[in-house]
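Following: one structure in structure tokens, then a few remarks.
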Amino acid sequence: MSPAEQSQRRKSTRNGWLLSAPALTLLFLAASGPLLIVLVYSFLTPGQYGNVVWEFSLDGWVGILFTRDIFDGTTNLADAHLTIFWRSVKLSLMTTALTFALGFPTAWFIATRPPAQRAMWLFLITIPFWTNLLIRTFAINEVIRNEGLMNTVLIGAGLISEPIRIINTDTAVFIGMAYVYLPLMVLPLFAAIDRFDMKLLEAGYDLYASRLQVLRHVILPIVKPGIIAGSILVFVPSLGAYVTPRVLGGGKNMMIGNFIELQFGQGRNWPLGAALSMALLLIVMAALLIYVRASTKGNNPHG
Amino acid sequence: MTQKVAITAQNIIKAFGQGATALRALDDVSVDIATGEFFTLLGPSGCGKTTLLRLIAGFEMPTAGKILIDGADVTEMPPNRRPVNTVFQSYALFPHLTVAENIGFGLKMQGRPQAEVKATTAEMLALVKLDAMADRKTSQLSGGQQQRVALARALAPRPKVLLLDEPLSALDLKLRKEMQVELKRLQLETGITFVFVTHDQEEALTMSDRIAVMSAGKVQQVGAPRDIYTRPVNRFVASFIGETNFLPVTATQQGARLSTGDVIAAEGQGTVLIVRPEQLRLGPAGVGAGLAATVTGVVYFGTDIHVNLALSDGTSLTARVPSPVDGGADFTTGQPVAVTFQPGAARLIRE
Ligand SMILES: Nc1ncnc2c1ncn2[C@@H]1O[C@H](COP(=O)(O)OP(=O)(O)OP(=O)(O)O)[C@@H](O)[C@H]1O
Ligand SMILES: [Mg+2]
């Protein structure tokens, strides 16, 4: 390439940037603006009736883990908060595990259908997305509540005499989240399995691997990027879930999302709510970082 | 070569699909493959070569018949318990493992001690000359190198039999020739029985101890390359391997009578006389014995020339004679010649 051509090319690259500058600025503001507001609010003082007072304070961040006793002024670990965090993480991990256990065979099944049928199966998997999340969650509620479909049928069939009481428990939230997020696990798993060369199964069996060994040493390592992508796609929204724990968990079994909402509503502690939001964001970013690390490691030619 | 039998296929039938639409990929196939031999399955596309190989490997179950390995019935045995390894046409290397890990995979799955896995892997890397590539990912290798990894991976567990399904078809001509030599060397060095699939007759002739020629799910003939070339049992084998002139004949007391009325001494039985183009001799017309023919065309091939001929009744024949440059005679279209057969060249075969 001649010097003239090079400078020409450089110029056109620069022009490209200039042309897209307005759009990029808008995108940047839209992405960072609300976040910045939340970040700033987390360092302010709560107002009397919600809102904030413009006075610097770390109470919001401290309040994530500690409470100040209103009588003697001592600071203690906030057990109630820890319970909520632990429930959120536990339920999210369990949801990820269950959606994987159900999603992997499903994705495998779809990926091994004749190509003409695959589109139809994928289409069926995405049907729940057509309905509003709230309505889907109420549908689950309808199925599992004490007088709901499941219990009516089981009692009617004489299999149980007392309804199985799972509504308003962690179990109900768990079932609901697994149902809601299952497609998010199936789709990336399908994409990974679809790319998997089925000849490798025969190569594995041919080289003395049992079915379990083929699964462990051939299939899982190769579809790992899909497993990680699916897990992140399920884990992240599970952690911030709001509707499902609200509808199926009753008022008591809060998750982080409900807890944040509480601070902006009845709790009237916007800085704490803002700090909790930022903390959730940090956890999610840490999870994504692990994802990027894990998924690039396998493909790194020098690693 | 010992006469011990490594693999026996007994009256194998393999049908795909059910009922009226069922397709017999293998139709009553029986072969014995001797221990330590380089055995080739040769035939056109779709004749059932891969299917037979997959039955031996255990990826498919026969509809009827039995497979024996070293005398033991393995028909029902799953592939991971058969002492047989496969080199796949597409290589099927594990993309998430390095070259060395690929080669050690079989040993690891067999639960061999780590030291043995390591030692054998190193030995195999040396055998296929890939020592320098041990820690590379297989996607970073050339086609020929991947081919070697596939070979080493299949040889590492020291199988009783190595199955190779058109392992060279993805390589360019030069590399293919190199790998042919390499394969033959590996087979001699390891002493392992090779069952090799190809649809390339030249590859089959140059590499094999014995060849099974297949067509439409049936084994047409089994024999050493020379047997098959010089004594094909039917028209399919004769035409699939090398070039052949086919002449319709009627058997008489004196020999085979051609449509021209000439009678020729020929071995074998049947109604078709075959003779290879290079076994025809062309002499001046009217001198001595020979069939009267007219040259209808000459094609120059460098090392030799192909002379197209018509007998007195119009039956066409092709002769391959040395090129005039090498001291052979030259021919022109329309020239009358006398065609003689080399002794023992003419054979009768079934249709
Ligand atoms: N899984 C299968 N289902 C249905 N038919 C099959 C299957 N596998 C093979 N066949 C059919 O069996 C016949 C023999 O196939 P096979 O793959 O053994 O041929 P081949 O000799 O290996 O051919 P090629 O040289 O093209 O590889 C073909 O007609 C093929 O269509
Ligand atoms: Mg084949």
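The backbone N, Cα and C atoms fix where each Cβ goes, and this holds for glycine too.
From a predicted model like this one, the values you see are computed outputs, not experimental measurements.
TrEMBL annotations:
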DOMAIN    A:85-291  domain 'ABC transmembrane type-1'
TRANSMEM  A:21-44  transmembrane segment
TRANSMEM  A:91-112  transmembrane segment
TRANSMEM  A:119-140  transmembrane segment
TRANSMEM  A:172-193  transmembrane segment
TRANSMEM  A:214-236  transmembrane segment
TRANSMEM  A:272-292  transmembrane segment
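Listed as Cβ neighbours of the transmembrane segment (A:272-292) (distance under 8 Å, sequence separation of 6 or more from its ends, same chain) are residues 35, 38-39, 41-42, 46, 59-61, 63-64, 228-229, 231-232, 235-236, 239-240, 256, 259-264.
Count of Cβ pairs under 8 Å against the transmembrane segment (A:91-112): among A:21-44, A:119-140, A:172-193, the largest is for A:172-193.
The stretch from A:21-44, A:119-140, A:172-193 with the most CB pairs below 8 A to the transmembrane segment (A:214-236) is A:172-193.
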